[in-house]
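Undergrad: Feature list, courtesy of TrEMBL:
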DOMAIN    6-130  domain 'EamA'
TRANSMEM  37-55  transmembrane segment
TRANSMEM  67-84  transmembrane segment
TRANSMEM  90-108  transmembrane segment
TRANSMEM  115-131  transmembrane segment
DOMAIN    140-268  domain 'EamA'
TRANSMEM  143-161  transmembrane segment
TRANSMEM  168-189  transmembrane segment
TRANSMEM  201-218  transmembrane segment
TRANSMEM  230-248  transmembrane segment
TRANSMEM  254-271  transmembrane segment
Amino acid sequence: MRGYALGLLALNLLTLLWGTTFVVVKGAVGEMTPSLLVFLRFLLASLFFLPWAFRLPKGVWGPGMELAFWLLLGYASQAVGLMYTSASRSAFITALNVVLVPLILGLVGRRLGGVWLAALLAFLGVGFLSYDPRQPPLNVGDLWTLLTALTYALYIVRLEVHAKAFPSLPLTAVQIFGTALLALPWALWEGVRWEGIPWGAVFYLGVVATALTTWLQTWGQRYVPAPQAAILYTMEPVWATLFAFAVLGERLGFLGGLGAFLVVLATFQAIRRSPA
């Protein structure tokens, strides 16, 4: 029970930190290629995990590299998508993973009980939060972001398995190293230009939004089942909206307030009973 409560706390802190990243990433990909951004943020993050690189438990490289593959595909498709679509729409489409996670688990025979209701409530809430009638029709960026939702769902499902089998810090270290390694050929293929790189954004994304958040997610999912974790992750746009309101003075509006309420309601519905 204590581990479950601490896991919930870690994942809620994670969503708060994630909520700051959409605008940062969108601004960064306007100044540099998505491949270089992904490579640099994971390269920087990997420096914090060097102490664990030399004492990894046996068998961690395979699971860690599998998770690194899903991470790279998710971060890369999101960064490419944000070149063509808005941050709010990206947040909404990415939130599809809250429905995809129980769907994937259901296909492999896992019984989920009332999680479906919470998942649908959360997705509806994110839709209200992200709704903007001024946005253009669907575009190629939205299709890239659909890939983000699918890969994040697969990552959440697979992380639940591996996080219970290995200590969180070594597993996080391999994920971070592996993602940087896999991103390098992509960055070299697109061509590296060092001029105009927003180093402040890269540092924030690497240290806070990659090193810290990946560890929080890996540690938290040792104790919180994947369906509940996916619902908790929909708090990300809620925090993003509150952050924009507090710092930028943006108004929430009725639909935004309703959406935030539904996401919070879904979160409480999902976590009100700890797993057996």
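Every residue gets a Cβ built from N, Cα and C, even glycine.
No curator has checked TrEMBL annotations; they are predicted automatically.
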Undergrad: Considering only Cβ pairs under 8 Å, which range in 115-131, 168-189, 201-218, 254-271 makes the most contacts with the transmembrane segment (37-55)?
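TA: The stretch with the most close Cβ contacts to the transmembrane segment (37-55) is 168-189.
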Undergrad: Can at least 3 Cβ pairs under 8 A be found between the transmembrane segment (168-189) and the transmembrane segment (67-84), with each pair 6 or more apart in sequence?
TA: yes
Undergrad: Give the one range among 90-108, 115-131, 143-161, 254-271 whose Cβ atoms make the most pairs under 8 Å with those of the transmembrane segment (67-84).
TA: 143-161
Undergrad: Top stretch among 115-131, 143-161, 201-218, 254-271 for CB pairs under 8 A with the transmembrane segment (90-108)?
TA: 143-161
Undergrad: Should anything in the same chain at least six residues away from the transmembrane segment (115-131) have a Cβ under 8 Å from its Cβ atoms, list it; otherwise answer none.
TA: 88-89, 91-92, 95-96, 98-99, 101-102, 227-228, 230-231, 234, 237-238, 241, 255-256, 258-267, 269-270
Undergrad: From the DSSP assignment alone, can you count helix, strand and coil residues within the domain 'EamA' (6-130)?
TA: 95 helix, 0 strand, 30 coil
